[in-house]
């Protein structure tokens, strides 16, 4: 429902961005170019997605290098804002694989030459192997002094969101010096690319660096504590005492047979008819546990316990170092490579590339986008990624539906039906192409009165879900005990049994009797008490 509200808000306000590159892979043909280098044996494949007509670009095999690229010419300096976005799904989980994009630095025209080591403008996306679990944002920028490209890694990267094997959205927004990283449309990291605390190494080199020629003096004392030279080992300190020794109080258990072996040959074993002594050696019956060794057999040894005399190796106690100066650090000198970057702009790029080594299968990429407006990217995400997640949720509900009562199944059916209305209405409002919701609905030819009804359907999943939850609360509430007043013996009136009042009294006494109380949660039935002279009835466990 929140997704639909966001859809309505975006279409009311509209967006002004320019889509520089978008591939949803739904045309049925893969327009990307695979790497021709023999190292890249893995080949991407187009596969049907969770929704009808939706396709993903998938990594089908593990333990392979994959390389692929698609042409796009972008100069970030020409735009006030740059957005890179795509969604990815780890259908079989993620153990050790990358799933990031590289925007390959211009000029680059031979798409089949995509490979490791190519200069790039931006590297963005998830990467995991072992304990390393992060979403990268790395950009390359030329050092003005050396002229070489340097990689600047974002510090404190967030962790990957795809451990649940669902489709997740990754978005990077760069606006001037400011950047913003989002996962599933939620901001997880933000800052400035020029901030030295955000990237390593910093974009602007430090003004001072350690003097490489400075050396610590030989007499420099940087240990705050030293062994006490006057401390001496006590005379009774025995370093040879072991940490553990045999328990002197332990005794061999009664019934322990020291002369009996723990295992004996199995007398019931029979030599196989096809046994060949020349090839397999002399046949020996297998060993089994000695049946006489209920307590134990063989040599007995006392268990080990902590040795109270153990002290370990002696060391003198530490005292403050009277010559302590402090931690030595080399002196600072002006950095010959220092320069200041004013208004940094990321490098031009000529292709969107994927260059990976993977150890997992069925990694699905979809809706790869480069545009110039965050709102535009959000709008595209709502009509692609958001609708896809609704389809995944519906498929999961259908798969997990268990057998229940007819009324429970009807409730689930209504809930699923309302979810489909929600998703289809989202398609209608987004794909219509109008700047406001009312005109989008009116374009279908429906009258104004029905427009209100259709918009009301946006909120119908809330009502349906609330009704279903109320029903579940009613079903799961405490069941009342059977009403004893329904029995003929407890009936009131002139036709009641003359012993009814006595029966009620006895029933009350029986109910208060702790011995006669029935176990909680067990079903019971009414049976006559044959040992009682009256017609009193009682409950017994069925």
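The backbone N, Cα and C atoms fix where each Cβ goes, and this holds for glycine too.
Remember, TrEMBL labels are computer predictions, not curated facts.
Per TrEMBL, the features are as follows:
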COMPBIAS  219-228  compositional bias 'Acidic residues'
COMPBIAS  229-252  compositional bias 'Basic and acidic residues'
COMPBIAS  501-514  compositional bias 'Basic and acidic residues'
DISULFID  96-129  disulfide bond
REGION    191-261  region 'Disordered'
REGION    476-542  region 'Disordered'
SIGNAL    1-17  signal peptide
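Sequence-distant contacts (6 or more apart, same chain, Cβ under 8 Å) of residue 129 (disulfide bond) comprise 95, 96, 97, 359.
Residues of the region 'Disordered' (191-261) grouped by DSSP class, helix first, strand second and coil last, total 0 helix, 14 strand, 57 coil. A simple way to gauge crowding: the CB of residue 96 (disulfide bond) has 15 other CB atoms within 10 angstroms, across all the protein chains here.
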